[in-house]
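Q: The substrate binding site annotation in TrEMBL covers A:Thr161, A:Lys187, A:Thr198, A:Glu278, A:Asn398, A:Ser403. The feature active site, nucleophile is assigned by TrEMBL to A:Thr198.
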2 protein chains.
Amino acid sequence: MTTTHHIEGVETHGVSFAAGFRTAGLAAGISAQAGKKDLALVVNDGPQHRAAAVFTINRFAAAPVQWSQQVVTDGRVDAVILNSGGANACTGFEGFQDTHRTAEEVAELLNVSAGDVAVCSTGLIGERLPLEKLLAGAGEAAANLGDSEAHASDAAEAIMTTDTVSKQAGLTVQGAGGSYRIGGMAKGAGMLAPGLATMLVVVTTDAAASSEMLDRALREAVRVSFNRADSDGCMSTNDTVLLMASGASGVEAGEAELTEALTKVCQDLALQLMADAEGASHDIHVRTFNAASEADAEEVSRAVARSNLFKTAIYGNDPNWGRILSEVGTTEAVFEPEKVNVSINGVEICRGGGIGEDRSLVDIAAQRKVTVDIDLGAGTQEATIVTNDLTHDYVEENSAYSS
Amino acid sequence: MTTTHHIEGVETHGVSFAAGFRTAGLAAGISAQAGKKDLALVVNDGPQHRAAAVFTINRFAAAPVQWSQQVVTDGRVDAVILNSGGANACTGFEGFQDTHRTAEEVAELLNVSAGDVAVCSTGLIGERLPLEKLLAGAGEAAANLGDSEAHASDAAEAIMTTDTVSKQAGLTVQGAGGSYRIGGMAKGAGMLAPGLATMLVVVTTDAAASSEMLDRALREAVRVSFNRADSDGCMSTNDTVLLMASGASGVEAGEAELTEALTKVCQDLALQLMADAEGASHDIHVRTFNAASEADAEEVSRAVARSNLFKTAIYGNDPNWGRILSEVGTTEAVFEPEKVNVSINGVEICRGGGIGEDRSLVDIAAQRKVTVDIDLGAGTQEATIVTNDLTHDYVEENSAYSS
């Protein structure tokens, strides 16, 4: 399965699409699955080494998250090493030592400072990583870095866990100061995390920008992309979104244009994650509009997106608007019940808080994408949360196939 | 299936166990299921007619909830009529008129004031009730009231929707002033609500008590019973817990003893609801202890109880403590990650926020009940939330069998 549908302007390019980056992905024997690529290295050759990152806010943040948070504090990252096959979460002081040792190894291999090497891990919680294999793999990766599309694909594959396809997205930005590139890869999804934890995302650009600007642009892009993809409401211990900028294009990025382009790449990757969510048969776009505030719209959409009753109804191709209103009614958003309308796939089956069009007019089964539009009749703001239906396969994959 | 396990001191008695109450339950043709009992009437013959109630806080509260909230305001309720086969929610002004008309009919039949007749409905949202059948059924019920156990059982059956067994609980209280009785019935569960919405509970007592005291006692009992049973996190539009007191025992109840006894009956009914939750194969008692506050303990237990990943793991008989810590880590409770211990069925598989006992020592499959004990190491308070596992049957019943 490699049919990736991108949003407009985005194409399948990876972390070495932007100039100044080399990468590698290979099988280091970390994963329990023999021969699976499980280690990736992404190196920023500069001339700039600016970076920003967003991490899980889970208080049981994994060792690599704790480490990388420190690394990115000064706005400089020279390389990131990522592994699947183990999350290195809830592994105590020894787990943190393992992460530290990994960064030191990469630093030595690349002749940079360990304090500028970020680390990401994904896989089972509560088990130590096989450090010798990891360090040997790092050496092999450093010796095989390259900037071809094949190199980037290898890296994107190496971070997969229960993903069935790798996720990459690239964009060429025609900026005010000239053109530059953005490329990225992703796996999992923070909020569709299976027992094999975590969403990991690495985005690179050859634009020149300050780390402060990168930080602002990344936070805004994540806010309206990954943070609005909510497959099962669960938050992982390892979620990391890392942005690195090499400045190799020589083009100074404008903040608004960079933010917009970065948002596009992040939204594209987020939609790829939802399309590959475990066991899902539908992607559901829950849009709340005519809200008094964006926060209200987001609260309402998220409440609906997290309802197991609603999610099972969609799986059953049932336009059950009662289950939608029930969730809207639990929020503190500004609205009057008798002014709320709800449409599913464009059919307004609830009008004025009561019965609207005939529900038999709604066809859910035909397409993977389902749109729910909730009109609060209370203002002009809107927000969309993308989620999945709750299926037998979700239960199966999360009960039978993890330990 | 009629093997009801009660908590200590509680037995299978219904709403006419307490003196001063008569009841009836019968098939009025409201339910789509031919011949199913679907209408119940509970009448308080006094001498007192004191009452208190707790309702859903859903802003799309159904017509019967809106009506009954007004009825109970003055602390007096003479009778309650309940129907399955339709929730009368999101049915607009006409739906409210239907409820009003129903109360008027019952008032006329019993020669009381319509303003003292509560109404409860449960079933599908967004459809009008068949009013003629409902009113005819009310007449039949009023003509067949009685205080036998059979009468009470009929009423308990009449309010069932997807329940597979009826739920009743009775208790004799040896109070300081003499002995009195409490009896009750329940269906569904507010937070395990299927498309067929709602938890409905009616509890009766022949104790003499002021409506203010009944209100305080009921709120406390509900807080630590129904509000801590959380099967799928969804809140219905029709949830109602109604307490009626006849004073027929002539015994003045003490507040502490009444609160304690009422809590027992409510906890027993709540556990019966969880034991019959749709499609569940395990009841999971998530207890958080050594918390800095009861609110912290409840927040932590509820976060774990609502995690689909945790609930599917338990269904797969997998003692996946990583999924528990992940949820604990999303809360704002006071704790230090390295001081948190987690036991499943008595085996401490997570110690100090890391790896503890061998997970293979945990046996989940053997029993329906699963206990999770989370030691926050931050104080002396505790709270338990009871939930269910997330199973194929849950998905099936909520996707295929509702509309």
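Each residue, glycine too, has its Cβ placed from N, Cα and C.
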Q: With a 10 Å radius around each C-beta, find which of these binding-site residues (A:Thr161, A:Thr198) has the fewest other C-beta atoms nearby.
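A: Counting other Cβ atoms within 10 Å of each of the binding-site residues A:Thr161, A:Thr198 gives the minimum at A:Thr161.
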Q: Give the number of CB atoms, excluding that of A:Glu278 (substrate binding site) itself, located within 10 Å of its CB.
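A: Taking all protein chains shown, A:Glu278 (substrate binding site) has 23 Cβ neighbours within 10 Å.
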Q: Mind giving me a neighbour count for A:Asn398 (substrate binding site)? Other Cβ atoms within 10 Å of its Cβ, every protein chain shown.
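A: Other Cβ atoms found within 10 Å: 30.
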Q: Can you count the other CB atoms that lie within 10 A of the CB of A:Lys187 (substrate binding site)?
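A: Taking every protein chain into account, the count is 28.
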Q: For the binding-site residues A:Thr161, A:Thr198, A:Glu278, A:Asn398, return the ones with C-beta distance to chain B below 8 angstroms, or 'none'.
A: A:Asn398
